Amino acid sequence: MIEKRGSDSDSDLNSDGHDEAGPVGQTLNKHCGSGEKIWIRMAIFNNTTTTNVSDPYHCKIDENFKYILLPVSYTLVFVLGLALNITAMYVILFRTKHWKPSTIYMINLNVCDTLYILTLPFLIYYYADKNDWPFGELMCKLIRFLFYTNLYGSILFLSCISLHRFLGVCHPVRSLSWMNGRRARLISVGIWMIILILQAPILYFSRMNNNGGVTPQSAVCYDTTSKELFNDFTVYSSVVMLLLFVLPFGVVLVCNGLMVKKLQEPSVVGGGPMSQRFKQKSVKMIIIVLLTFMLCFLPFHVNRSIYYTFRYLDKHVSCSMLETASMAYKVTRPLASANSCIDPILYFMAGQSFRRSMRNKKNKTKSENRKSPSASL
């Protein structure tokens, strides 16, 4: 039986870079294009015995689309995300005088996004050059580590922002004593420690293969890990997803659901009726946070879990199912990166009231300056 498919080292079940088709397969590979291989499962007959080749069935998946999709999408995220995050960082560091707890979470979120965005040029070059990684194994490990650090850092700090907002809306008096700058700093340090500890294994799992790309000279920086470690990597990824995505996502859903319910009631804030402007601002922030989770984080984790499960099951899954899962996973990776462009919008929205009050104060000062000469006459 002969199956002919495009080859891709990132998703190939035979991802250790070795040709397991035997001498016949190696001979045939010489006559194939650079992006294709022919894999054969065959029986070898002789005069007395029949011997089956013991190699398992391998799916070769055509993923040439990613050599266009990923460089283009990562370039857009890099240009837009860098501009937005640098602007947000400038405003936070140099234009914000009083740092509230939400500001502390925002600057940490901004640091996560900026660090990740600075790694995108390496990935743009890598995928544009069709899986040829020239930057060495250390940089390969660092790039993969920073991707997941940004991903789960964004999730946890967005969860903190939602929780802080929930306390301010649903428990405005108690939140004054519960949430202060000192506690926000301690929580932020704790989050960074959790992320670094739980993501440290990525530095072990991330591997390179110096002859596993489209051409024999190509060096691959695995998106997952090597074939021998893949089952362990799947278990590790599942545990991390449960702790750093499923649980925080549940917290975000509960907090935002209770906030929406509270905002629909005739609430009281600071002794007076809750202003329509405050309600609109809160609803907008709820929508942005939920959209970030629904559009960026949820599709990525769902499709990645399906893809990893299919690879884990190996021979029990058809090649067409694996190819579909792999394609969906590759498509959702740029969506996960897009959170770096959405996160700064949260700060700009959260800072609207501050900027508005500063403009009002400035206009009031100008008005008083105009009146003062006439008043003295």
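The backbone N, Cα and C atoms fix where each Cβ goes, glycine too.
Per TrEMBL, the feature domain 'G-protein coupled receptors family 1 profile' maps to 84-347.
Residues or ranges marked as region 'Disordered' by TrEMBL: 1-29 (among others).
Residues annotated as region 'Disordered' in TrEMBL: 357-377 (among others).
Beyond the ends of the transmembrane segment (72-93), by six or more residues, the same chain brings 103, 106-107, 110, 113-114, 117-118, 120-121, 123-124, 127, 334, 337-338, 340-341, 343-345, 347-348, 351 to within a C-beta distance below 8 angstroms of the stretch. Look at TrEMBL and you will find 72-93 (among others) tagged as transmembrane segment.
Per TrEMBL, the feature transmembrane segment maps to 105-127 (among others). With a cut-off of 8 Å between Cβ atoms, the residues of this chain six or more beyond the transmembrane segment (105-127) that come close are 66-67, 70-71, 74-75, 77-78, 81-82, 85-86, 88-89, 92-93, 99, 133, 135, 139, 142-143, 146-147, 149-150, 153-154, 157-158, 160-161, 164, 184, 188, 191-192, 221, 337, 339-340, 343-344, 346-347, 350.
Residues of the same chain lying 6 or more positions beyond the ends of the transmembrane segment (147-166) and with a Cβ under 8 Å from any Cβ of it are 101-102, 105-106, 108-109, 112-113, 115-116, 119, 175, 179, 184, 187-188, 191-192, 194-196, 198-199, 202, 240, 244-245, 248-249, 251-252, 255-256, 258-259, 282, 285-286, 289, 292-293, 297, 300, 336-337, 339-340, 343, 346. The transmembrane segment annotation in TrEMBL covers 147-166 (among others).
Marked as transmembrane segment by TrEMBL: 186-206 (among others).
Residues or ranges marked as transmembrane segment in TrEMBL: 233-255 (among others).
According to TrEMBL, the feature transmembrane segment maps to 283-302 (among others). Through the fold, the transmembrane segment (283-302) approaches residues 151, 154-155, 158, 161-162, 165, 241, 245, 249, 252, 256, 259-260, 263, 332-333, 335-336, 338-339, 342-343, 345-346, 349-350 of its own chain, all at least 6 residues removed from its boundaries and within a Cβ separation under 8 Å.
Tertiary proximity for the transmembrane segment (233-255) is limited to same-chain residues at least six positions away from its ends with a CB under 8 Å from its CB atoms, namely 148, 152, 155-156, 158-159, 162-163, 165-166, 194-195, 198-199, 201, 205, 224-225, 289-290, 293, 297-298, 301, 304-305, 308-309, 311-312. Averaged across the domain 'G-protein coupled receptors family 1 profile' (84-347), pLDDT for the predicted model comes to 89.
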